[in-house]
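Novice: Have a look at this one.
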DNA sequence: GAAATGTGTAGTAAC
DNA sequence: TACACATTTC
């Protein structure tokens, strides 16, 4: 497809700073892809000197796939396409000596940070979950604003901030002691490093000679500083963004960075893309009407040349079970009449928990589906256990990991032993693992606990030695064998079937790990430490399902859907309290929710379905709901309401039956 | 020290 | 409802 004049000028402007204000569906990814190609083919850039940064792994993956299909593989070798966090991780890894960190650090995810802070704040905040969350957020925004503990303490004006900044300091120290970093550090540390070290900055400026940033409206202060450091005075960069799609302010995103850019780079070339190539008229019109209710920084109006299309269907159902049933019936029926693929359908929701019921329904109808994002896989206990083992294998100072697995599976090391160990590690200012070798500690305990912990720690030292010196893959295998995890699963699971399910998850993780350790034609082999941090960032290569993808119904949050498009989109749970989310209503932050709805709507190419349930179960009780205000804000002439009591169209029912019979036949054949 | 039973609370979103 | 966490019993 040819580029329009605006897209073309965005691609061809390469010798200075460039801001592309790109409305939804205006082909911004195409601009990025073409620009990378253009830089390589017309301007002699080598792929390894170009970096493109996105915000989600899904977007990065999408971009990698698209560039791979548009260019010769050999030409894009070394091209960096990653999330900000992965880029930060790469910098830290490469500059580990300059930074003075130990070789193998752990990456703490939100939950690790939570449990660390819980321990840390025991005296001050007690069991108060609420304030721990508050503290986490405060620390995160300090980090995103490049404010270090000392500065936070100095600037604290009230007692609360004094306490929080003090705890921030302790938190940082504790992370250091664990040899661990949190996600915000992945941005903060490189940013500060570049700021303070001219030599390193120059080296990276030479490494990354052209930078492209997607979804620029999602950058926070620290990320913007990182961008500025990397591009330097040369300012060879392109950022693409849309303030109407700013949906990450809770992560510290500053859409004002779009405006700041023209102040920091007076010669900024600003290009607007207003031609939409994605959606039919009625979908685009609905989106425009909705977003018009929000204030705007930049004026822009999206146009489309596509036909007006069929009206948006608003489907009311009795409850969430019926909602899922109904959506799936629609998909089955629609696919049957239109000879489409399952991959043409996306189900978008506000919160990850909403996926469960759809998953159940899809499974029982034997419809292939793919849930992306969410934490479900990694929040499973068995996966957390194995991850903790791997983390400890990489970094024995990681007390969080140590505590999680030291007695899982059971090995006679209980609270009493651990308390003594904890006391000693406090005394000696060392990790629990190290303290376990201390004679003072060993003198305090006896019997089975003593030999158990000695056996365990010695074995682990051997294993980690094997990781570093010889064969990490073999070490992981030995680890898996040595912990007899399968036995433990069968012992503790409610049923053998459940145990098998969990073991399947473990094998899945194991096969990812070995694949990543091995590498393949497109991926370098990684160290175990790299594998573990990639897994923590959910930045793993997804293989083997490339082909299936177009035959799987796509399920994801609206956040995760940004940048993607599907012929048929279902936005489910369109209810007050869900979208807009209750907490956003409480905090009077409707605008961001409206942008989120806007993002969801603009994913649809052909047809859009909005569904809501009249009642919904919540914490075991059933509550009545109200349709989302965003439905009412749309232009009613674009909508076709289908309230309860109206019969499911005969055709749909027939097709569902047919499909079910076909499924049954297929099943019987097997 | 481990298993069984009771109690309270409810993760917005993603790296 | 469903799950993590605390308490009790073996």
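Positions of Cβ are set from backbone N, Cα and C atoms, glycine also.
TrEMBL feature annotations, pasted as is:
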- A:22, A:23, A:24, A:25, A:26, A:27, A:28, A:29, A:278: ATP binding site (BINDING)
- A:1-280: domain 'UvrD-like helicase ATP-binding' (DOMAIN)
- A:281-563: domain 'UvrD-like helicase C-terminal' (DOMAIN)
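I would like each feature placed in context: is it buried or exposed, what are its neighbours, and how far apart are things?
Specialist: According to its DSSP assignment, residue A:22 (ATP binding site) is in a strand.
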Novice: Which residues, sitting 6 or more apart from residue A:278 (ATP binding site) on the same chain, put a CB under 8 Å from its CB?
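Specialist: A:24, A:25, A:304, A:565, A:602, A:605 - these are the non-local Cβ neighbours of residue A:278 (ATP binding site), listed in sequence order.
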Novice: Which of A:22, A:24 (the binding-site residues) has the most other Cβ atoms within 10 Å?
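Specialist: Going through A:22, A:24 one by one, the largest Cβ count within 10 Å is at A:22.
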Novice: If you average per-residue pLDDT over the domain 'UvrD-like helicase ATP-binding' (A:1-280), what number do you get?
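Specialist: Over the domain 'UvrD-like helicase ATP-binding' (A:1-280), the predicted model scores a mean pLDDT of 93.
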Novice: Counting only residues 6+ apart in the same chain, whose Cβ is under 8 Å from the Cβ of residue A:26 (ATP binding site)?
Specialist: A:273, A:274, A:275, A:276, A:277, A:302
Novice: Are there any residues at least 6 positions away along the chain from residue A:28 (ATP binding site) with a Cβ closer than 8 Å to its Cβ? List them or say none.
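Specialist: Listed in sequence order, they are A:20, A:22, A:214, A:240, A:242, A:273.
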Novice: What is the set of residues, excluding A:22, A:23, A:24, A:25, A:26, A:27, A:28, A:29, A:278, whose C-beta falls within 8 angstroms of the centroid of the C-beta atoms at the ATP site?
Specialist: A:242, A:273, A:276, A:277
